[in-house]
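Lifted from Swiss-Prot, the feature list:
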ACT_SITE  His34  active site, proton donor
BINDING   27-34, 144-147, Val173, 181-184  ATP binding site
BINDING   Gln58, Gln150  (R)-pantoate binding site
BINDING   Gln58  beta-alanine binding site
Amino acid sequence: MIVIHSVAQMQQYARDKRGEIALVPTMGYLHEGHASLMVEARKRAKYVVASIFVNPTQFGVNEDLDSYPRDLEHDKEIAAKAGVDVIFAPIAAEMYPEGYQSYLNVEEISAHLCGASRPGHFRGVTTVVAKLFNIVAPKVALFGKKDFQQLAVLRRMVQDFNFDLEIVGMPIVREADGLAMSSRNTKLSPVEREKALCLSRSIAAAKAAFRGGERSVAALQKVAAAVIEGEKSPQIDYLEFRDQDSLLPLDKADERTLLALAVRVGSVRLIDNSILGED
């Protein structure tokens, strides 16, 4: 496995391996969820590139850019075990050199859920991912479904801008107690870590009510919210039932309905989601 920091060097590698690369974009501080993407990437292409870049343009004012966990040596160990050929780890000045002024925005699908509470977030995501696609030239790129809206936004971007690649969404990987794996979990105190289980428990409660015959979104929202509110300190950013394709709101739920939520536990904002009809 090699580590590349230069855009020019990464582009040269990509030219030599064109049509044979799978890309796993990450912000680093890798965990088993990331590793599962890399293992799957290994099955889909001759060469696997994992990008590690804490992208400043997707963080808003007073968000956790400066405190986002970073450990390249740790990341190299996990990536190597997962079969990665190249880590592309540029610095911000490589991706956004002096005078940089071009951004890409997907309008409607990015405007709600995380986009409503994090203005500019998805503009930063789509811009950096489009740049990675141009630099690495993958035939396939893999993303986790924990960031369900991000996946939907990127699918729309790929379609609208005619990127010649496949986007693959992979299932959420969870800890043994149900918490969705996230690099931000390491920022939780032991007490906060226990409280964070309210996200997966609220999903389980809503799905149980759905299996019991409840189809009213308003009623299902009350069931799910009650679990989180019962923990007192966690703060709900959003808890929504949406069409999984358009992400538009619904009045009645069915098996394809997406339950997506964002909850702040202490200073840490966590997200989770599930499709009501899936186990």
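Any Cβ shown, glycine's included, is placed from N, Cα and C.
Bear in mind that the values here come from a model prediction, so they are computed numbers and not experimental data.
Between the listed recorded positions, namely His34, Lys145, the fewest other CB atoms within 10 angstroms of a CB are found at Lys145. The shortest Cα-Cα distance from Ser183 (ATP binding site) to any of the recorded positions (His34, Gln58, Gln150) is found for His34. According to DSSP, Ser183 (ATP binding site) is assigned to a helical segment. Applying an 8 A CB threshold to same-chain residues 6+ apart, the list for Met27 (ATP binding site) reads Ile52, Phe53, Val54, Asn55, Tyr68, Ser183. In sequence order, Val173 are the binding-site residues from Gln58, Lys145, Gln150, Val173 with a C-alpha within 10 Å of the C-alpha of the residue listed as 'active site, proton donor'.
A distance of 21 Å separates the Cα atom of Gly33 (ATP binding site) from that of Gln58 ((R)-pantoate binding site).
Here the binding-site residues are Leu30, Val173; the one with the fewest Cβ atoms within 10 Å of its Cβ is Val173. Long-range Cβ proximity for Gln58 ((R)-pantoate binding site), meaning a same-chain Cβ under 8 A and a gap of 6 or more residues, is found for Gly120, His121, Phe122, Arg123, Gly124, Val125, Val128. DSSP assigns Leu30 (ATP binding site) to coil in the three-state reduction, outside any helix or strand. For Gln150 ((R)-pantoate binding site), applying a Cβ distance below 8 Å and a minimum sequence separation of six or more within one chain yields Cys114, Phe122, Val125, Phe143.
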